[in-house]
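> Sending over a structure as structure tokens; questions will come in a sec.
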Amino acid sequence: MSFAMTDPATTMSWVQVIVLSIVQGLTEFLPVSSSGHLRIVSQLFWGEDAGASFTAVIQLGTELAVLVFFAKDIWRILTAWFAGLADKSKRNFDYRMGWMVIAGTIPVGLAGVLLKDLIRENFRNLWITATVLILFSLVFILAERRGKKTRGFEELTMKDAVVMGLWQCLALIPGVSRSGGTISGGLFLNLDREVATRFSFLLAIPAVLASGLFSLPDAFDPQAGQAASGLQLLVGSGIGFVVGYISIAWLLKFVSNHSFAWFAAYRIPLGLLVMALLGLA
């Protein structure tokens with residue numbers, strides 16, 4: 001196990017793919033930063049970064065878990081959105097929700113394109129990951145304390161969607177957490193904890209799917225991180241799907257009566273541990 005930096009131009013082993021896919025599935029939907037965990041586990045056990053492209057592609061498996069878990073909600077929103085486009089009299093809340101997801105996706109889409117090189121190179125520094133794990137935990141605690149948690153799902157507005165979309169941009173930095181960023185934003189907007197969590201999942205779908213498909217060619221490029229075969233990416237995505245589905249069900253049950261501050265209690269010691277290991281290395 002090593003935190004030393006090595007030449008990334010290597011191919012991934014099956015053990016790496018399986019372990020990292022399980023880590024991805026476990027952490028993608030929890031506010032602990034899946035990209036941060038993948039970065040830490042890769043460096044700790046194999047001494048090298050699996051790469052942002054590999055991470056983005058296996059996220060497709062966990063996003064498929066979201067599509068399956070929320071299939072009824074997604075279908076209802078999509079049908080209402082298309083019906084509303086054709087007939088103004090059918091523009092109900094689900095129609096507006098379709099536009100809210102689109103509006104909330106635009107900020108992270110623009111940030112991802114404009115900051116692509118910065119994200120894949122500078123932001124993947126382990127010192128940054130460890131520091132952000134600690135600092136953003138304080139944001140969780142503040143959001144829990146300041147948020148009134150009184151607003152329901154049908155009280156969501158376009159402004160809420162854009163604000164949570166801006167919070168989602170922070171997730172481009174390993175250590176923040178996509179769900180942690182958007183849910184914190186929702187809590188600051190006084191949304192109920194479960195409402196913020198559910199909208200966070202819906203908001204992530206287009207952004208993560210686009211990121212994964214866009215990064216697919218780079219996942220086979222050793223210069224973009226460790227190279228993985230097509231079969232490895234397929235198996236990794238499958239593992240991420242199964243583990244991710246279980247994680248979604250657990251998180252929704254957990255947030256109904258538990259504070260997000262519990263995740264801060266995990267993130268802070270983890271960040272300190274990584275810093276200690278980096279210092280020793």
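Just so it is clear, glycine is given a Cβ too, placed from its N, Cα and C backbone atoms.
So Swiss-Prot lists the following for this protein:
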TRANSMEM  12-32  transmembrane segment
TRANSMEM  50-70  transmembrane segment
TRANSMEM  99-119  transmembrane segment
TRANSMEM  123-143  transmembrane segment
TRANSMEM  156-176  transmembrane segment
TRANSMEM  199-219  transmembrane segment
TRANSMEM  231-251  transmembrane segment
TRANSMEM  260-280  transmembrane segment
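Could you place these features in context, so I can see how deep they sit and what lies close by?
Beyond its flanks by at least six residues, the transmembrane segment (12-32) meets 38, 41-42, 45-46, 50, 54-55, 58-59, 61-62, 65-66, 140, 177-180, 183-184, 201, 226-228, 232, 235-244, 246-248, 251, 260, 263, 266-267, 270 of its own chain at Cβ-Cβ distances under 8 Å.
For the transmembrane segment (99-119), the residues of the chain that approach it from at least six positions outside its boundaries are 52, 77, 81, 156-158, 160-162, 164-166, 168-169, 171-173, 202-203, 205-207, 210-211, judged by C-beta separation under 8 angstroms.
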> Where else in the chain does the transmembrane segment (231-251) make close Cβ contacts, counting only residues six or more beyond its ends and a cut-off under 8 Å?
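Residues 12, 14, 17-18, 20-22, 24-30, 54, 57-62, 64-66, 68-69, 179, 197, 201, 219 contact the transmembrane segment (231-251) from elsewhere in the chain.
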